[in-house]
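Student: The domain 'Lon N-terminal' annotation in TrEMBL covers 1-179. The ATP binding site annotation in TrEMBL covers 338, 339, 340, 341, 342, 343, 344, 345. Marked as domain 'Lon proteolytic' by TrEMBL: 614-797. Residues or ranges marked as active site by TrEMBL: 703, 746.
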């Protein structure tokens, strides 16, 4: 087991008495006899092997007899002699203690288990197994402690245990530990971490020691890994207790930590539990950011970041004011609905900056799996938390500003409906205990400020709309776009293109031309792209000017010899226009006028076409609301010989087709009071074709009824509709004009198109307060309640018959 020093020698009986050093680092006792351990072993020499060449080397095979204690040292030279006392019993004595008998049986069972785990095809292992069956019980702990991995101190404790019961108690844990180590060894061998010991390597009895050394090396590595794992588990436990989890989360985390402690490191579930605990540690259970609640400064910041959007900024300031009065306020669920490019996403970031909170954006466009919101259950391979929990982990606080972008563009699939999963997230009465499938414990989302954005409400489930506070974000007017371009877009593009205000100036007239002739949108994205195109063109001119000055300077330094040659080379490499520009470089700053805009961007994309399109009967201008904002819509009609058939084209929806049939039947029913008593059925031997241009764009909605009636009346009366008038509204069979939605967007679309008169339902007069005063001053708004009012306003001079009919109705009343 260990190296020893012979204290006495009896050559006749071949008995040796040996002791060991106290310090394992000092294996010789020749220099210091005081280093002897007080307890030694008496043994009988069974076999001596060795050789005298090249130097003497012998090996003794001994059998232990008993323990002894050194009482006194009698002689040190030429060899030590000491007085000793026998400690334990000699072989052959009986064991009659009941506790000792139970320990003996348990120990023998564990020893048999240890030997069974070894390869019995090895002769040494086979002999050891046979020896255990006939080995006296009092020798079991001594023999087994020599074949297991144990430290020097642990083996000393077994040697010092004179009482047999105590010796069994000291050796049994070492035996059990070795069995566990062999189990890990077997697992490691199956995973290819340890090369299997072959018969050739351990074929000789003397190599049994090498087998155990190899086992010990693997066990040491496992012990090192286990020690590191224990340190990590202890560190995890300390972090869990210190991270401020609520009681229910702390209970779940400690339960998983308890499982982790009992689980071997190489099991796949070990890494999964550790990842779960690390996620729980990284979540901001009790970490929140302090709001900077200065209502005056918040108003200034919002006005500086965004021009217009008064309704939206008013609601945000109201939330900030209430938050300043009452700190514990549940975060509202705001939903900004409006066309692209009006600043829905950017104002969410401005709100976060104003509040001093973290900002996190979650893009929901195209999401079709509810696990993106609620996460995957941990029973699945590759499971992970949902985007809400991941966003909280990224933000690092429990009260960030979450922007749920494009909630109207989610879809359903076999994996569930993500919009339904959002119902709990966006419900202020439920999200205080939101449960992610991966986390599986409630998390409080009530302090999170959720902001959702959408282009259209039509694709958002009604239940989801009910849980949000809708704030409509309409498009910008031309004046607002001019201010936005001057304050935000132009400085931004100058910075991105490396230009300065001393190099490029875009006056207000040029911006107005860009807005009216090169863009037709509710937002400002296309306007920003047009400004970027101007900046790129100016950047080319700036570099050409620098190159020209360098050439002139180089030519001047050479005495003008190379000036003519260089000029000819440049002119040859450019066309005539560019050569002229180089010969007369632009002065700085470059001022963009209408000619420069057309030269850079090409001919205008949008030209007034009202007078051209409305110069013939059977054409009228309607107003429509789309996800891109308000749009004008031409409606055309023509007639031909036929059998009274109605044809509708332009990719119309069912609602608009019904409106067309309704309008036609109203005109037929009221033909006499519109066209006179002698007017026959308008469909008599006549087919009618109604067309909505831009057939590639789908059209649907209940707001085209008055426009279709006006077109049909214009067609059959052969009178042109006023070219400065647009209209919107739905009708009934009795001729009533019903209100419609999207009034502000439609009015802005008419204003962008250059129209000056708009016909609206009388019940929509309440919606005009949303239209800016500058727009209302430029437009003449006509409110109507019946179809007759629409026709009288749509044609110059109205319809005489309709006027007389209306006069009769008024006189009867």
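Backbone N, Cα and C atoms are what each Cβ position is placed from, and that goes for glycine too.
Unlike curated entries, TrEMBL annotations are predicted automatically.
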Student: Using a 10 Å radius around its CB, how many other CB atoms surround residue 343 (ATP binding site)?
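Tutor: Other Cβ atoms found within 10 Å: 23.
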Student: Taking only same-chain residues 6+ apart in sequence, whose CB is under 8 Å from that of residue 345 (ATP binding site), what do you get?
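Tutor: Those within reach of residue 345 (ATP binding site), by Cβ under 8 Å and sequence separation of 6 or more, are 361, 403, 405, 453.
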Student: Relative to the Cβ position of residue 339 (ATP binding site), how many further Cβ atoms are located within 10 Å?
Tutor: 23
Student: Quick check on the recorded positions: of 344, 746, whose CB has the lowest count of neighbouring CB atoms inside 10 Å?
Tutor: 344
Student: Which residues in the same chain, at least 6 apart in sequence, have a Cβ under 8 Å from the Cβ of residue 703 (active site)?
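Tutor: In sequence order, 622, 623, 624, 625, 728, 729, 730, 740, 741, 742 meet the Cβ cut-off.
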Student: 338, 340, 341: which of these binding-site residues has the highest Cβ count within 10 Å of its own Cβ?
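Tutor: That would be 338, with the most Cβ atoms nearby.
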Student: Could you tell me the mean pLDDT over the domain 'Lon N-terminal' (1-179), as a whole number?
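Tutor: Mean per-residue confidence for the domain 'Lon N-terminal' (1-179): 76 out of 100.
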Student: Suppose the ATP site is 338, 339, 340, 341, 342, 343, 344, 345. Which further residues of the same chain have a Cβ inside 8 angstroms of that site's Cβ centroid?
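Tutor: The surrounding set, listed in chain order, is 336, 453, 455, 473, 522, 523.
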Student: For residue 342 (ATP binding site), what residues in its own chain, 6 or more apart in sequence, show a Cβ-Cβ distance under 8 Å?
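Tutor: Looking at Cβ-Cβ distances below 8 Å from residue 342 (ATP binding site), excluding near sequence neighbours, one finds 309, 473, 474, 475, 476, 522, 523, 524.
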Student: Check the Cα-Cα distances from residue 746 (active site) to the binding-site residues 338, 340, 344 and tell me which is shortest.
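Tutor: Ranked by Cα distance from residue 746 (active site), first place goes to 338.
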